[in-house]
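Only one structure is covered here, and it is reproduced in the block below.
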2 protein chains.
Amino acid sequence: MIRWNEESPKTQQALLTRPAVMASKTIQNSVQQIIEEVTCEGDAALLKYAELYDKRSNPRLVVPQEEIDNSAQQLSLELKEAIEQAYANVKTFHQAQQPKDIKLTTSPGVECELKYQAIDAIGLYIPGGSAPLPSSVLMQGVCAQLSGAKTVVLCTPVNGDNCIAPAILYAAKLCGISKVVESGGAGAIAAMAIGTQSVPKVNKVFGPGNSYVTMAKQLLSQSQTGFAIDMPAGPSEVLIIADERANPEFIAADLLSQAEHGCDSQVILLCNSESVIEQTQRALDAQLQVLPRRDIAQAAMANSALILVDSIELAFEISAQYGPEHLILQLAEAAPYLPQVKNAGSVFVGDYTPESAGDYASGTNHVLPTYGYSKVYSSLNLLDFYRTYTVQSITPQGLKNLSRAILPLADAEGLDAHANAVKIRLEAMKND
Amino acid sequence: MIRWNEESPKTQQALLTRPAVMASKTIQNSVQQIIEEVTCEGDAALLKYAELYDKRSNPRLVVPQEEIDNSAQQLSLELKEAIEQAYANVKTFHQAQQPKDIKLTTSPGVECELKYQAIDAIGLYIPGGSAPLPSSVLMQGVCAQLSGAKTVVLCTPVNGDNCIAPAILYAAKLCGISKVVESGGAGAIAAMAIGTQSVPKVNKVFGPGNSYVTMAKQLLSQSQTGFAIDMPAGPSEVLIIADERANPEFIAADLLSQAEHGCDSQVILLCNSESVIEQTQRALDAQLQVLPRRDIAQAAMANSALILVDSIELAFEISAQYGPEHLILQLAEAAPYLPQVKNAGSVFVGDYTPESAGDYASGTNHVLPTYGYSKVYSSLNLLDFYRTYTVQSITPQGLKNLSRAILPLADAEGLDAHANAVKIRLEAMKND
């Protein structure tokens with residue numbers, strides 16, 4: 001247990017410092033080579049990586065529509081309904097985020113609009129690994145579907161059975177994804193950014209991944225014109241603020257549900273009760289024993305801290321300084337503190353709101369800024385699949401009025417042709 | 001004059017390809033050194049650059065509040081009122097963009113919110129050069145002001161008179177900017193991203209600049225945790241779609257008002273009338289003669305093209321493919337075509353809506369995605385000064401309902417601690 005107020009400012013800062021994530025030069029060079037190969041060889045490069053990295057003897061790229069359509073038949077009824085329930089809630093929450101165009105007259109004869117346009121072509125990346133991640137498909141796929149993007153392509157590597165898990169395909173089917181490609185890693189990201197024979201070139205790629213995927217997203221978003229990515233990536237993290245009447249078993253369960261994500265996950269508890277912290281420590285030890293991913297969770301707990309604070313107000317200040325991806329509030333009365341929430345990705349209020357509810361099914365998006373980026377980046381939302389542009393339409397009299405602003409400003413900025421474009425029109429009006 | 005349909009697909013593509021903007025390794029190394037110096041030396045580094053690059057004998061950093069307050073006294077009444085009129089229109093248009101929180105029940109007992117938080121600390125950069133750019137201050141400063149950001153700092157280099165132009169200071173005053181710093185280039189960007197004794201550390205930097213500024217924004221947004229930038233930078237550009245009854249003098253004036261920005265500006269005309277194109281060419285020659293920035297405009301015209309198209313529909317397709325920063329429509333009837341607008345930063349409709357109206361005073365923002373980034377990036381708008389986050393609050397019964405989705409999904413994804421966090425609560429409910 002750490003007592004916040006007994007630590008030096010330096011130690012306090014160190015407690016809130018995340019482990020450095022170094023992008024190695026080796027990874028950068030490998031990814032750069034992959035990007036060049038995909039640019040030159042297209043599909044052939046992707047097929048080569050599938051043989052090389054996924055050990056596939058007869059790799060294919062595009063999943064036939066029939067397999068997507070029939071995916072539900074391979075799911076238990078329980079899992080099928082779980083995917084449908086999660087899909088429905090996520091859709092309800094994101095549907096409410098549909099943007100509305102704005103149109104107004106800023107001054108007489110000057111009409112201005114702010115309009116939303118769905119980004120044309122969207123790429124979704126779903127990492128492979130030990131288990132499929134249908135929830136990641138839903139979180140990104142629902143947004144792409146609601147935006148009405150013309151092209152939505154999903155890339156993911158096959159699993160140990162040499163196929164894409166039916167849970168992934170069924171989630172993709174619900175989201176109306178037009179193309180599923182069996183391709184993973186930096187090659188898949190490059191294919192979506194550049195385009196190959198089988199993979200359409202997209203404008204924006206969403207989704208998590210390992211350090212090669214992250215590097216590919218970063219390099220391609222800098223080098224490919226008109227191509228963007230969702231947000232910077234970092235290890236997952238949770239911060240819990242709890243008071244003296246919080247349930248230590250619940251706190252321990254929530255800390256571990258974050259810690260099991262990966263050895264680099266970070267979990268922090270800020271609590272004003274010594275006794276709750278001690279009980280949480282005991283509950284952690286007990287719950288850890290029976291956890292299948294115990295080794296991972298234990299490693300993550302080593303980057304983590306249970307901190308005693310003098311007041312809940314101070315806990316909110318520390319949280320704002322840290323900027324957690326997930327912020328869980330287990331407080332007798334959370335409502336009065338909600339206006340103090342700052343720099344959090346997603347907030348979980350009350351004893352019966354575990355992080356896993358938001359990870360899967362409450363309706364909020366589980367793609368969140370992490371590693372301190374919640375100070376400036378948004379939680380993934382429907383607007384990330386749109387862009388805005390403006391339209392203006394001015395009457396002759398409107399332009400005459402505006403000329404009193406335009407002409408002196410163009411003159412001050414030394415831009416005569418800017419002034420000319422107005423003067424020539426004022427002249428034409430006189431002659432009308 | 002280029003006849004679109006007589007060109008090969010390859011030439012057509014070449015016509016729409018922007019000149020490559022290469023970030024040189026030399027610039028990257030210089031900027032990297034500047035970032036290191038600002039990190040280690042703080043203000044001292046900024047003062048050193050002011051002596052070195054701006055040739056100042058007694059450089060200072062922070063402009064005294066009194067100079068900002070008295071700036072209007074040094075302006076002509078005409079320019080003062082021009083700044084005020086532009087400020088009012090830009091404010092009106094952006095005020096209408098104030099975001100609204102969303103709150104809904106996604107399923108019984110599950111309440112979800114999408115909330116907006118103003119980004120805490122904003123940095124604005126205004127480049128120096130031959131003339132001051134008060135309009136750039138307004139476009140960024142109004143948004144920062146409307147968002148209610150706690151800290152807004154503006155960095156700009158002094159001009160030839162060894163001071164910041166009063167037009168810049170007055171625009172800053174109207175926007176309620178809390179601190180104006182006499183510092184330019186990559187050093188100023190580094191100071192805002194890292195923080196020095198005089199310059200507060202900010203979360204997001206907005207504003208244009210030369211290749212050093214652009215490189216500093218890029219490098220720092222990758223290396224500084226919790227720091228972001230507005231959008232990728234590129235040379236300015238306009239695409240005009242005109243029909244047979246468009247006014248060639250107006251077209252020429254608009255093309256030149258873009259071309260005078262810089263030698264790397266690109267201007268394109270798509271027109272279905274040979275005669276209008278010929279008359280535009282003549283008007284261009286005549287108008288160029290009397291332009292003070294003739295050399296720049298002439299150089300820019302060399303990257304540019306007047307293209308004859310078979311139909312206005314085709315012109316809109318070409319425009320969507322190019323993705324222009326500015327799109328001007330000089331058409332007898334523009335309204336039926338507006339739904340075909342795609343991938344434009346800002347659209348100017350009608351004979352009396354020159355680009356310079358939007359640059360200065362219509363109310364729309366003149367900070368726009370360029371270089372093809374309008375396929376995926378938004379025009380600068382008020383939401384760029386906010387971030388969103390979510391909040392969820394679930395009742396015991398709500399969690400019980402959700403558990404039918406959470407438990408099978410956590411099981412499918414092999415995340416037992418995620419399931420545990422729910423199971424432990426379901427158990428607790430039974431015991432209640």
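Cβ coordinates are placed from backbone N, Cα and C, and glycine is handled just like the others.
Taken verbatim from TrEMBL:
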BINDING   B:Ser236, B:Gln258, B:His261, B:His326, B:Asp359, B:Glu413, B:His418  substrate binding site
BINDING   B:Gln258, B:His261, B:Asp359, B:His418  Zn(2+) binding site
ACT_SITE  B:Glu325  active site, proton acceptor
ACT_SITE  B:His326  active site, proton acceptor
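Put simply, B:Glu325 (active site, proton acceptor) is 13 Å from B:His261 (substrate binding site) when counted between their Cα atoms.
Comparing the binding-site residues B:His261, B:His326, B:His418 on other C-beta atoms within 10 angstroms of each C-beta gives the minimum for B:His261. For chain A, the nearby binding-site residues by a Cβ gap under 8 A, listed in sequence order, are B:Glu413, B:His418, drawn from B:Ser236, B:Glu413, B:His418. Within 10 Å of its Cβ, the residue among the recorded positions B:Glu325, B:Asp359, B:Glu413 with the fewest other Cβ atoms is B:Glu413. All protein chains considered, the CB of B:Gln258 (substrate binding site) has 31 other CB atoms within 10 Å.
A Cα-Cα distance of 7 Å separates B:Ser236 (substrate binding site) from B:Glu325 (active site, proton acceptor). Annotation note: B:His418 (substrate binding site) sits in a helical segment as assigned by DSSP. DSSP assigns B:Asp359 (substrate binding site) to a helix in the three-state reduction.
In the three-state DSSP reading, B:His326 (substrate binding site) counts as strand. B:Ser236 (substrate binding site) falls outside any helix or strand according to DSSP and counts as coil. B:Glu325 (active site, proton acceptor) is 12 Å away from B:Asp359 (substrate binding site) when you measure Cα to Cα. Between B:His418 (substrate binding site) and B:Glu325 (active site, proton acceptor), the C-alpha separation comes to 46 Å. Annotation note: B:Glu413 (substrate binding site) sits in a coil segment as assigned by DSSP.
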